[in-house]
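Colleague: I am attaching a structure below and will ask some questions about it afterwards.
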Amino acid sequence: MLHRRIHFKSQSTLDFDSVAVSISASTMKNELDKLVLNSRVSDKKTFGIQMDNFFALYRRYLLHTVKGYECDWDSIRPLGPEDMIDYGDLPLCKNAGKYLNRLAVVKLNGGMGNALGVNYPKAMIEVRDNQSFLDLSIRQIEYLNRRYDVSVPFILMNSYDTNDETCKVLRKYAGCKIDISTFEQSRYPRVFVDSQLPVPKAAPSPIEEWYPPGHGDIFDALVHSGTIERLLAQGKDYLFVSNIDNLGASVDLNILSHVIDNQIEYSMEITDKTKADIKVGILVNQDGLLRLLETNQVPEQHREEFMSDKVFKYINTNNVWLYLPAVKRVVENRELNLDIMPNIETVYYNNEPARIIEFTTAIGSAISQFKKTEGIRVSRPRFISVKNSSDLFLVRCDLYNVDHGSLKIEESRLGFPPPVVRMSNEFKDIAELFCRIPYMPSMKDLVSLSISGNVYFGRNVILKGNIVIVASENTILCIPSNAVLENCVVTGNCKIMEC
């Protein structure tokens, strides 16, 4: 956890809080023990381990809550040159096969495509050229193995939401000469806010009563699934981990050889912040240690400073390089104390509203838990993340080309930040996005684009500079075919083309 400043409390208050923690923890432990004892899951041992890990997380949450901790903002400072390594200073890799033979690749595949209006795993969304995130990721590894005559395993960390569908889709790759495997992250019980009791009363039970605990669970899941032992037995002692929706996260030989030669246990790729990244987690120096800081950990009065690209200039890409024996060590010795991110929401159970809480962790917060860590400043093309329809729209345009599964930016845009694209709710779902913009405009010279309202595009549209397009309320605004828009504002209603 972050270094904390403690609120001073009277002894009577502290005693009361200690009793409250003890009662809540004891009650939760009893309920979890009942779940395990009466469970009908196929792997009772693994389920028991997961409930033990959840209880440890819950108990830490209770302790941190009742002690009244707040973030000590004064101990946090932005990264300086001495806190990171610039990618341009890394030596070139001279023996690719030697290093690749020690590597495995994990893609984080726990998310569904709900934010893009689909009810299947996000990895299966078509990105471009009739290829999904999963297709592109596998193409990368297939090319890497073929080019260097190696066998880098490709592994997916699924959640219970994505596991079944993903395993079905993977059958189509049966003929590929790639070692493809999966493991599943933990399943933790949601907790009622009022009673502080777990929502599920049995296991298994409806999936709505459970939640995936975030990608910080990868460390426990790697060990308890047996994945680490299997990889180490194959001579694979380094892992490259990234989000499956980051289309720039391919294996980089210079980074790989650097972390191996320097025996780095944990390396995080960071990149320059842009105006599109104001809420993305950042790497900071706190009391001489590298730490990940997320938006919800920042005191309200410092949010503006946190989001500024003038103060905190580098963001976490979630591209992480791990030394597997070190992962095994910190898990088995129970050395991991990842920052807890509680999330409260209102859901319906038995047609009645109920407030529930989930406790998640992030892989990035583990950087402070390993012995030899670093941040590597990489160029923006290694962070092409697709979180919403605006991002998907951008990666489908002519700014990018697909090269053996990796997205490569046009040479003319190298060194420049990608365009900032903002779209209103009319474009939120994939189906609506493709209906309204069936033909991708040219955006090689675009700086920013803002679209709002009932807007449609024709064919062969060219966008340059800063563009704002706003349809008047209750009207349709159609951008005609062959239109060239440059540094302009388009408003009103106009329907002079075939939509």
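Cβ coordinates are placed from backbone N, Cα and C, and glycine is handled just like the others.
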Colleague: Return the residue out of Lys98, Lys122, Lys236 that Swiss-Prot annotates for the same UTP site as Leu108, Asn109, Gly110, Gly111, Gln185, Gly214, Asp245, Lys387.
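Modeller: Only hit among Lys98, Lys122, Lys236 in Swiss-Prot's UTP site, alongside Leu108, Asn109, Gly110, Gly111, Gln185, Gly214, Asp245, Lys387: Lys122.
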Colleague: Swiss-Prot has Gly110, Gly111, Asn243, Ile244, Asp245 down as binding substrate; which of His64, His215, His302 does it also list for that site?
Modeller: His215
Colleague: Could you give the Cα-Cα distance between Gly110 (UTP binding site) and Asp245 (substrate binding site), in whole Å?
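Modeller: Answer for this pair: 11 Å between alpha carbons.
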Colleague: Same chain only, sequence gap of 6 or more: which residues have a CB within under 8 Å of the CB of Leu108 (UTP binding site)?
Modeller: Met157, His215, Ile218, Val241, Ser242, Asn243, Ile244, Asn318, Ile363
Colleague: Can you figure out which of Lys122, Gly214, Lys387 (the binding-site residues) comes closest in space to Gly111 (substrate binding site), comparing Cα atoms?
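Modeller: Answer for the nearest of the binding-site residues: Lys122.
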Colleague: How many Å lie between the Cα of Gly214 (UTP binding site) and the Cα of Asp245 (substrate binding site)?
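Modeller: Pair distance, Cα basis, whole Å: 15 Å.
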Colleague: Fill in the CA-CA distance, Lys387 (UTP binding site) to Asp245 (substrate binding site), as an integer in Å.
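Modeller: Cα of Lys387 (UTP binding site) to Cα of Asp245 (substrate binding site) measures 7 Å after rounding.
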Colleague: So, in DSSP terms, is Leu108 (UTP binding site) helix, strand, or coil?
Modeller: strand
Colleague: State the three-class DSSP label for His215 (substrate binding site), counting H, G and I as helix, E and B as strand, and everything else as coil.
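Modeller: It is helical.
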Colleague: Would you list the other residues of this chain near substrate - those whose C-beta lies within 8 angstroms of the C-beta centroid of Gly110, Gly111, His215, Asn243, Ile244, Asp245 - in sequence order?
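Modeller: Other same-chain residues with Cβ inside the cutoff are Lys107, Leu108, Asn109, Lys122, Ala123.
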